[in-house]
Structure formats: C-alpha cells, structure tokens
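Here is the structure we will look at, set down as structure tokens.
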Amino acid sequence: MDPITLAIVVIGIAIAGLLVGIGVHFVPVGGAPAAMAQATGIGTGTTMLAMSSGALGLISAGLVTQEIMSGKITYSGFSQAVQSGTLFSLSGLQANLLAIVLIVVAGIVGAMLMMVILAVMANVLYAFAIGVPLVSAKVKFDPITGDRQDLYVTRGTEGHGTPTVAVISSLIGGLLGGAGGALCYIILYGSGFSIGTAAFVAIGIFFVNSVLASYNITGTIEGFHDPKFNRVPRAIIACTIASFVLGVWAAALIFLGV
Amino acid sequence: MTEVKEYDWNMLAGIGIVGGLIFIYAAYALNTMMNVTYFSFLGAVGAILAVVWGADAVRRICKYGIGTGVPSIGMLAFGMGLLATLLGLKIGDYAGVVYVGPVAALAIALIQGAIIGYLANAVLKMKIPTMQLGMIFIAGAASIILMGFTVTMAGTFTYGDMITKVFNTGFIAPLFMIGALPMLHPFNACLGPDEDQRRTLTLAVEASLLSTIMFGIFSIALINVVSSAITVVLGLIAWAYAYLAYFKKVKESGVPVVGTGLLPKKEA
C-alpha cells in the first residue's frame, strides 16, 4: 500500500469526522424537555438524532455505491478500483472523483430527508395534537421569516416545536452529517473493507464525533441562531483530532491488509 | 441504611482486564485445543466482568452530569472500541500469534480512550475530574465486551473469523447495540441521589446476562445448536439468580408505601 493512499485515508476520515462534528451543532436538539413541548428542537438526544440521520445517509450512500458497482449507474473503472482497493490512490481518486461525489451526495440526501422528517412531522403533532405555537425562545425574531417569537413562548418553557429557522438549521446539519458519514463509508469501502465492516466502522466514527460535539453543546442547541453555536471552534479541534486518530487506526488496518 | 464501602474502580479495572482476557483466552484455547465449540460461553463471562468495569466507569463519569444523557457515553465507548479492537486483532493476525490480538486490541483501545478523554476535558472544557481515567476505562471495557461477545457468538476471536462471521453477516449490528446496553443502562436506570454502587453493578450483571442469552441464540447461526444451548441455559440460570439479587437490592433500598385508606368524605 503506497503512503499517499494511506495519507488520503487519514485526511479523508479526519475531514469526514469534522463534518459530522460541525453538523451536530446545526441540528436542533431539545432533549427530553422538547419531547414534552417545553423546549425548542427535536425531542430526543443528539446521539440518537445523529445516529438516525447518519444511518439513513449510510443506507442511501450504500445503495448508490451498489448501483454503481452493479452497473445500473454506468461509471467505468469504479468497481475495478474498489475491488483492487485503489479507489483512494491518487490516480484512482482522479478517475473516480465524480462517482465519489455522487455517493456523498446520496448520503447527503438521505440524511437531510431524515432530518426534515424528524423536524416537520413532529411539528404536526406539536401544532395539532399538543396545541402549541412553534417558537424559539433564544431569539426575539425568527432570523429567516422575521416573525415575532417571544410573545408566543409559554411562561416557564424555552419554546416549543421546531420553528422555521431551526428546520433550516437542521437541513444544514443533515447536509454536513450526511456528507461526513458517506465520505467515511466510501473511504473505508474503497480501501478494501467489506461492506458490513465499512458501514459499522463508519458508524463508530460517526458516534465518536457526534457525541464529542454534543458534549460541547451540553446536550441541547436550537440551531445556528443559538448563542451556544459560538462554541463550535472547540468542537472543530476536538473532532479533527479524534477522527485523525481513528483515521490512523483505519490506515494501519489497511496497511496490514484489512 | 448502613453505609457500605464502595468498590475501588482500579480494583474493578483489574478484574475487568485480567478476568476478561483470561476468560476470552480460555474460551478460545479450550475450543481450539479440544476441537469443540462448547466453551464459547466462557467469552460471555469475560464480557460480563468487563461490563461491570465499564458500568462502574460510566457511573463515575455521569455522576457529574454530562448534559447529553447517559446512553451517549456507551455509544462513544463502542465507537472508540470498534476500530481499536479490529486493529488489535489484525495485529495478532499479522504477527501470526493469535493470542497477541486481544492484548493489542485492549492497549489500542486504552490509548484511544486516553486521547478522547483528554479532548473532552481539555478542549471541550467539560471539567469532569473522572473524565480522563473514565474514558480510558470505558474504551477498554468496550473492547473486551466486543471480543467477549464475539467469542460467545462465533466461538473464536481471530480477525478473519470476526470479519466473516460477525461483520459480513450483519451480526455486528446487535453486537454494537446490545453489547453497549448493559454498560450504559445500569446507571441510566439507577441514577439519582440514592444511587448505590452495588445495586447499579448488580443491574449491570443482570443486563449483561440478558445480552448473553441473546448472543447465545445468535450463535445457532454461527456455531451450532449444542453450544448455543449451553450458553442460553447457563445464561438463563445465571440471569434468574442475578434478577433475584437485583430485586433484593431494590427492595432493600425501597421505601414502604403504607395504605392509609381514602380521605374521609366529610371533614370531622
């Protein structure tokens, strides 16, 4: 295995982990209070949200990978490069860049879909079953629509549901998280890992970064308009180093022959 | 309630590391030497010792409140442990000495945990005094749990078998989830001001025995019915014992609810 491929693998996994880590900061996580309509965001923990969007991203990325491999989507040379494990050598990367982009985009689509379903379908329940307006307590006016927020927040709560700005934010989060997860998967799969191994190692890397990022925001955030979002530089450092180390393990595994 | 001295976490770490490795090695050695698969259940014993170690580390970290819920830390541990375990087992495979694998896996997991623990405390500024050592411990525990339950399911822990029997078949999905569950669940269920180490760790044993039964059932597909039956039956007996022990602990720390009857209809 040539050293440039290994370097690409390490850097690629570091970038993928970084994307996941930043993506988590965009996802409106409300935790248990949000599940009781007492805080803004999606009513579950960061880990579960990241897992659900990441898993759907992986499934869609895996589907497109399979379609390229089986020839349904014609891309000459891709399956040979995967089978010989040279997809992420310098020449393999040049020849198959578009296929890799296609797979990453598939991951993005899956993750964004999952995020928007989680955000909007819950809103239907909040609005029509619980009967609360969708407002954020962190800002006075919604940065996207300009709607007044503070008048509609029930006293003693921190907002309800997922308002427009948080939905937009969740889409950005899905975009980054999906890209990171799919990139991680295709790097591992293209370097010779079997499908199951690549998927679960990718999920492992995804978990490490999403949990580290959620420690940074101490569990809850509303999106890019939340003051906690200013903590993102810390997560950039932490997630890059953590994924770099994981990337080194993966590269060592590839060096020893998967 | 009388104050009972808590077990030291370094002692639990010792039991987890030494006991875990001994049982994993014993299961593999007995299986290969006698050319049978009946000793696979010993892997689960090693995993249970590691679960107790990990569950104690989880409760010591999460006592400070991490803000994201206890389950996140179990997922973090398995995320760290998975790649480290694979690399460690591959080193054993590469060196040609299978027995090097688990020790290398544990060592790499411990290093990984040290790095993540340092990042959490120094970069993310979580300021939890037990974070550094706790992260090292949960990563190591996750690594031993993965190997222990792999032995339970597949009868061996070699890299090639792990890839073909556990990863490629998809059994890694339940291994990842029900493997992590006994480590993260006990403190999540028992937390609170009246949390008691012995009760939490009893629940850890009980939960890991439930996982053992599940992995025993999975091993029908990977080994054979006889070994599976041994794991399941022993697991069920031990689980019943652990469940009763946990129930006793719960009753000890419970408060009696006395029936006083309904309020009188008219005030006297």
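Cβ coordinates come from backbone N, Cα and C, glycine included.
Taken straight from TrEMBL:
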TRANSMEM  A:47-65  transmembrane segment
TRANSMEM  A:97-130  transmembrane segment
TRANSMEM  A:165-188  transmembrane segment
TRANSMEM  A:195-215  transmembrane segment
TRANSMEM  A:235-256  transmembrane segment
Stretch in A:47-65, A:165-188, A:195-215, A:235-256 most in contact with the transmembrane segment (A:97-130), if contact is a CB pair under 8 A: A:165-188
Quick one: find which recorded stretch in A:47-65, A:165-188, A:235-256 has the most Cβ pairs under 8 Å with the transmembrane segment (A:195-215). A:47-65
Outside the transmembrane segment (A:235-256), at least 6 residues beyond either end, the same-chain residues with a Cβ under 8 Å of its Cβ set are 1, 5-7, 9-18, 20-22, 24-25, 85, 187-188, 191-193, 201, 204-205, 208-209, 212-213, 216
